[in-house]
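Novice: Got a structure for you, written out below as structure tokens; questions coming shortly.
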Amino acid sequence: MIATLSRLFRARLALMNGIAALAGVVLHPRPGEAVLAALVFAGVALMAAGASALNQYRERDLDRLMLRTRSRPLPTGELGPGEVAVLGCGFAGGGFVLLLIAGGTLPAFLALAVLLWYLLVYTPLKRRTPFALAVGALCGALAPVIGWSAAGGSPVDFPPVHLAVLLYLWQVPHFWLLQRRHADDYRRAGFPLFDPASRGVNPLPFFLLWMLALICTALMLPAFGLVRHGAALCCAGLCAPLAVALFRRMEPALFAYLNLFPLLLTVALFVGR
């Protein structure tokens, strides 16, 4: 059952969202007590887990068509649609309550808005356009803004927005590589793919420019008081292998590193604070 729930809630992704929100709390000038940080971490992780379950409920017809998603609890019959809907709403609701306790209505409703954006905008949009990934990336990028707001800051303060931009710039190439790795699966399910090469367009310059933007954004972290200059250089250094792997067309290595990048970035931010 633990393995089943882990697949339903995509536990690793939920934890990564919780850690990103925790970064928003810790990087605030007045981060508050450890209890606040724990509540924010748990609240965002629970809402991300609930969103994953509700997304699988909505896409259960398509998940059966894809090799990558056939092992999820709904296609395998381990859980029924009603059970998944209840679990998803329960986890999302629990996360909402924890965020209410931690920081009041602002972080709680920000997280709720992200959840609704994910389910009501991104989920249906990705069936219609390959550029939905640019819309979906907003969901994971806003976790630090939620954490910052829970610590007493404004969601439009430059520091959390800067960190959100950094995470956004990471997510787009990550989603694109995921599509490329499972292109046949996505086509089988009827998802449109972002594939410039199929139209005779070389995507390499675009993504090298994207990596350059990611590196420059990391180097600007000290300007908003988030980290010291040495830590910013470390963050930018973490981005460099992405550009090298992309330039040399080392897609397996690039995808593996992109999966590790958020964790490495968070560690660099915490250490450099």
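Cβ coordinates come from backbone N, Cα and C, glycine included.
For reference, TrEMBL lists these features for the protein:
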type	residues	note
TRANSMEM	12-29	transmembrane segment
TRANSMEM	35-57	transmembrane segment
TRANSMEM	78-102	transmembrane segment
TRANSMEM	108-125	transmembrane segment
TRANSMEM	132-152	transmembrane segment
TRANSMEM	158-178	transmembrane segment
TRANSMEM	204-224	transmembrane segment
TRANSMEM	230-247	transmembrane segment
TRANSMEM	254-272	transmembrane segment
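I would like each feature placed in context: is it buried or exposed, what are its neighbours, and how far apart are things?
Specialist: Counting residues 6+ beyond its ends, the transmembrane segment (35-57) has Cβ neighbours under 8 Å at 8-11, 13-15, 17-22, 24-26, 63, 72-74, 81, 84-85, 87-99, 101-103, 107-108, 111-112, 114-115, 118-119, 123, 139, 143, 146-147, 150-151 in the same chain.
Residues of the same chain lying 6 or more positions beyond the ends of the transmembrane segment (132-152) and with a Cβ under 8 Å from any Cβ of it are 16-18, 20-28, 30-32, 36, 39-40, 44, 51, 99, 102-103, 106-107, 110-111, 114, 117-118, 121-122, 125-126, 159-161, 163-165, 167-168, 171-172, 175-176, 179, 194.
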Novice: Assess whether the transmembrane segment (12-29) lies in contact with the transmembrane segment (158-178), where contact requires at least three Cβ pairs under 8 Å among residues 6 or more apart in sequence.
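Specialist: Per Cβ check, the transmembrane segment (12-29) touches the transmembrane segment (158-178).
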